[in-house]
Amino acid sequence: MDFQSCLYAIAEELGSEDLAALKFLCLDYIPHKKQETIEDAQKLFLRLREKGMLEEGNLSFLKELLFHISRWDLLVNFLDCNREEMVRELRDPDNAQISPYRVMLFKLSEEVSELELRSFKFLLNNEIPKCKLEDDLSLLEIFVEMEKRTMLAENNLETLKSICDQVNKSLLGKIEDYERSSTERRMSLEGREELPPSVLDEMSLKMAELCDSPREQDSESRTSDKVYQMKNKPRGYCLIINNHDFSKAREDITQLRKMKDRKGTDCDKEALSKTFKELHFEIVSYDDCTANEIHEILEGYQSADHKNKDCFICCILSHGDKGVVYGTDGKEASIYDLTSYFTGSKCPSLSGKPKIFFIQACQGSNFQKGVPDEAGFEQQNHTLEVDSSSHKNYIPDEADFLLGMATVKNCVSYRDPVNGTWYIQSLCQSLRERCPQGDDILSILTGVNYDVSNKDDRRNKGKQMPQPTFTLRKKLFFPP
């Protein structure tokens with residue numbers, strides 16, 4: 001297919017919502033005034049060609065646009081590219097042609113519900129004329145109106161943050177993530193600018209000598225030196241140990257007579273299975289395991305061949321206490337012992353590869369108390385349950401481990417009998433949203449901390465703060 005036919009075919013596949021998104025992402029190249037006459041994708045492509053952003057043999061800008069609006073089908077069908085390749089490409093900020101600021105605003109618009117959109121309009125009533133805040137006005141159009149009035153800019157996010165703080169705190173978290181990332185990038189660039197040109201030239205020469213081509217250096221060296229390899233499919237095993245029925249524990253152990261079944265845990269199991277399947281892991285699940293059975297399962301995967309795997313994930317959903325999870329028989333399994341099955345000496349085929357454990361269980365019986373927040377937080381009216389009634393090391397003292405705990409030492413974690421646990425549901429949602437954007441796992445877990453910490457147990461005035469512990473040596477990404 002020739003260049004013009006390719007653009008025509010892509011334009012024919014793009015609907016009105018796609019066009020609105022593309023126009024917003026192109027605002028830094030085509031000002032709003034000049035976009036008013038653009039009524040279809042063909043006209044947009046024509047304007048981009050005039051700007052030199054679309055050229056035969058160079059469709060990188062179009063690929064980036066389609067990637068951000070999630071039209072991965074068009075990347076595959078017309079541009080011989082896929083989502084995973086774009087994630088790798090855009091992981092290097094120097095390759096991005098669309099500003100992170102505009103991408104952040106677009107991603108925010110995708111997260112806002114109809115009710116939240118109405119709240120945005122209400123809170124802007126005094127700043128933007130009512131005639132501009134029409135009923136069918138989208139959030140992207142609201143952002144444009146805010147930019148016109150200098151209420152919103154790359155270096156002026158305070159009004160937007162204030163609104164998001166009132167409407168949906170998770171949106172505020174995304175803005176703060178963007179600000180942190182921008183600060184890190186600016187500091188990196190400033191540090192580079194301080195080097196004399198002669199030093200930079202010498203560095204560039206030495207880098208070029210390390211490989212046959214700059215592209216190889218970008219993809220291969222960066223992968224081997226700074227990023228864990230994630231090329232195999234399946235990436236590895238994802239074990240899910242899902243304990244629901246604790247009737248045996250109640251019968252056999254007097255002290256555990258009040259231990260409840262874990263209603264809602266199947267929601268977590270389903271969410272984890274769906275999420276990690278999308279991330280190319282082989283899902284293996286086990287239901288209602290005793291402590292001994294948990295050990296036996298992990299021993300089995302300790303001796304498995306992980307040679308053609310990049311990673312190992314184990315998710316344990318159960319009751320727990322400080323440093324332990326409970327089997328359905330009420331017996332304890334030490335978290336440290338469970339993670340230690342996968343040290344380099346005990347499981348050589350996983351040596352140098354990331355070993356990840358997500359533990360949804362209480363680590364004590366205390367309720368974390370929250371500081372009153374004027375904005376408040378509405379929690380659904382389901383009855384919340386907890387997953388049980390020294391910080392010993394939970395992971396071996398060697399590299400390449402990550403442990404995501406639902407809560408900190410001595411405290412409970414919360415489970416909604418209808419919707420699952422705060423931690424696992426937030427984790428899965430964040431992975432599904434942010435892995436396609438190229439975010440690394442530690443950044444994602446920081447966002448999970450923010451999300452979960454903003455939830456409330458209104459009955460006990462309790463809060464929850466997840467706790468990641470890790471000995472990772474490199475960045476860890478899960479390309480979709």
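Cβ atoms are placed via backbone N, Cα and C, with glycine included.
Listed in Swiss-Prot:
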- His319: active site (ACT_SITE)
- Cys362: active site (ACT_SITE)
- 3-80: domain 'DED 1' (DOMAIN)
- 101-177: domain 'DED 2' (DOMAIN)
- Lys226: N6-acetyllysine (MOD_RES)
- Tyr336: phosphotyrosine (MOD_RES)
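Positions of the features from Swiss-Prot, shown on the structure.
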residue: Lys226; record: N6-acetyllysine; DSSP (3 states): helix
residue: His319; record: active site; DSSP (3 states): coil
residue: Tyr336; record: phosphotyrosine; DSSP (3 states): helix
Among Lys226, His319, the one of these recorded positions whose Cβ has the fewest neighbouring Cβ atoms within 10 Å: Lys226
Summary of DSSP states over the domain 'DED 1' (3-80), given as helix, strand and coil counts: 52 helix, 2 strand, 24 coil
